[in-house]
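As written in Swiss-Prot, here are the features:
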LIPID     CYS4  S-palmitoyl cysteine
DOMAIN    32-352  domain 'G-alpha'
REGION    35-48  region 'G1 motif'
BINDING   SER47, THR180  Mg(2+) binding site
Amino acid sequence: MGHCTSKDQKEGKRLNRRIDEQIKKDQSMSLRIIKLLLLGAGESGKSTILKQMRILHKDGFSQQDLEMIRPVVYSNCIHSMLSILRAMFHLQIEYGEPDRVRDSQLVFATVHANKEELTEELAQAMQRLWHDPGVRECYRRSNEYQIDDSAKYFLDNLPRLSSPSYVPSEQDLLRTRIKTTGITEVLFELKGLTFRVIDVGGQRSERKKWIHCFDNVNAIIFISSLSEYDQTLREDNCTNRMQESLKLFDSICNSPWFADIHFILFLNKKDLFAEKIVRSPLTVCFPEYKGQQNQTECINYIQWKFEQLNRSSQREIYCHHTCATDTNNVQFVLDACLDMIIAKNLKSMGLC
């Protein structure tokens, strides 16, 4: 009886040792996984940043991937023109040439028939429309209605997109917009660590899903679009997009969920902001602004507005000004961010 008890005790100790070793191994593995959340309002550029991470740190996009997004390119291009044509009616803007009415009817008929193929006839009609003074005037007022940021890019490239031999480029892919629903994830290895980057849809209806991603987060990259200071939300056509972004940043930055988490702020679409700020004053969003109407001073003011919302004296907000469609710019910024996250992770592990 005593012999059996002794044998059982030894077996129990061996089992406990194996369990302890597995726990230590699991803890070591978990410390080597860096979980990043990409958060921000809808259309801020989160999905584009995620695509850039795949290009820069994973296997990029194959030829098949590029060919598969051709219908999305066509759809984005056609719907961009459709948005302008609808806005012309509501803003009561006349076409520069009467013949453009017939061209616009072809665009409406194509969408109504659910045939979003960029045929030669449709492409030529859209090119004529895009060069029409009335259409250009309507596009200039694009902050007054809803239209994708990529509209000008795709419409400028209509001759290339409508070529029979057209294959989308990586830049075309970066410019495409598909509303993010649910959770999208990219995994990549860097300097012995596994980065798990998660993008969740930013529209109000999607934010309830964010809670499922909050566990074991190492850092948050919050993305806000600089160029949307004079635009309203697609969801309600009423709320200012920049004010919505500030409100969302406030709630996330000061949430108890993220009290000990590194916070990175990307003020995105600086290229579009540079074009817009010369003709649309920042006071549209911030009536109290008294500074110069130039890119640098206005961006610094917007950055200050975000940083003022941080109520923790222990937390530093790491801010970067980005253009999500510029791979070189994103690489420079991401390298700095990831190096900072790695250094702080090693410090938390007691390795530096």
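Cβ coordinates come from backbone N, Cα and C, glycine included.
Sequence-distant neighbours of the region 'G1 motif' (35-48) (same chain, 6+ residues past either end, Cβ-Cβ under 8 Å): 148-149, 174, 177-180, 184, 195-204, 206, 210, 213-214, 216-225, 228, 233-235, 241, 244-245, 248, 252, 266, 268-269, 322, 324-325, 341. The number of other CB atoms found within 10 A of the CB of SER47 (Mg(2+) binding site), across every protein chain shown, is 22. The helix, strand and coil residue counts that DSSP assigns across the region 'G1 motif' (35-48) are 3 helix, 5 strand, 6 coil. Mean predicted confidence for the region 'G1 motif' (35-48): the pLDDT average there is 91.
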